[in-house]
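Record features, source TrEMBL:
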{"type": "REGION", "residues": "1-46", "note": "region 'Disordered'"}
{"type": "COMPBIAS", "residues": "1-26", "note": "compositional bias 'Basic and acidic residues'"}
{"type": "COMPBIAS", "residues": "30-44", "note": "compositional bias 'Acidic residues'"}
{"type": "TRANSMEM", "residues": "57-79", "note": "transmembrane segment"}
{"type": "DOMAIN", "residues": "58-233", "note": "domain 'Peptidase S26'"}
{"type": "ACT_SITE", "residues": "Ser88", "note": "active site"}
{"type": "ACT_SITE", "residues": "Lys145", "note": "active site"}
Amino acid sequence: MENQNIDDKDQLNMEDKEQLDLDKNISEINSEDSENSEVVEEETGNAKKKTSLGREIFEWFLVIVAALVISMVIKALVFSTYKVNMVSMENTLFEGHNVIVYKTGYFFSQPKHGQIIVFTHEEGQFKGLLKYLPIANPGEVDYIKRVIGVPGDEIDIKDGYVWRKSSGDKDFVKLDEPYAKGLTDSHGMQLPYKVPEDKLFVMGDNREQSLDSRQIGPVDIDSVIGHAVVRIWPLSKFGGLK
């Protein structure tokens with residue numbers, strides 16, 4: 001009987017040992033699974049981070065490209081810069097000054113008295129011949145001048161000053177032009193002069209050294225590039241134009 005108890009006890013010990021070994025194996029398997037799971041999760045997390053970083057870089061790239069495109073469109077259609085390369089607008093603008101030209105300002109309205117505009121004028125033997133061809137016109141020159149007369153105005157020059165009779169006025173009115181440098185001469189043009197439809201009468205502020213409507217005639221409204229609104233250079237002269 002005692003031997004049987006000893007055998008039973010040994011058998012129980014063997015079973016306990018087998019159970020412990022089994023539990024240990026299961027624990028090791030679970031540990032390996034856990035480690036593998038952590039590795040997979042870490043790799044998945046790294047992959048997600050890389051994907052997220054790549055997406056963020058791509059989104060920033062799109063933003064930069066969009067900003068560049070928008071700035072190019074704005075520059076081409078809305079604003080542009082113009083460098084003054086003549087003395088005809090002294091003492092308002094001097095040679096070397098840079099201005100911003102608002103190009104869409106006249107889409108829904110016409111230029112007004114006193115505004116400074118930039119326009120294209122055709123000169124020389126190519127005048128009127130190349131405007132229908134998709135090539136650059138070597139006879140085109142950009143000018144910057146001030147609007148003196150709009151369609152329907154009558155312009156007269158007397159005693160070195162400009163007189164104007166606008167639609168609805170009974171008499172000519174002498175213009176107050178604090179910006180004008182020197183006396184204004186007619187340069188032999190027939191006066192008074194009535195500004196035709198779709199035309200502008202322009203002059204430079206430096207009246208004694210300006211090639212303008214007194215010599216080249218009225219300017220086509222369609223040739224106006226835009227309204228010069230701000231001087232950006234030199235910085236000491238930065239500000240709006242009047």
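Positions of Cβ are set from backbone N, Cα and C atoms, glycine also.
Cα of Lys145 (active site) to Cα of Ser88 (active site): a distance of 8 Å. All protein chains included, Lys145 (active site) registers 26 other Cβ atoms within 10 Å of its own Cβ. When averaged over the domain 'Peptidase S26' (58-233), pLDDT in the model lands at 87. For Ser88 (active site), applying a Cβ distance below 8 Å and a minimum sequence separation of six or more within one chain yields Tyr143, Ile144, Lys145, Gly204, Asp205, Asn206, Gln209, Ser210, Leu211, Asp212.
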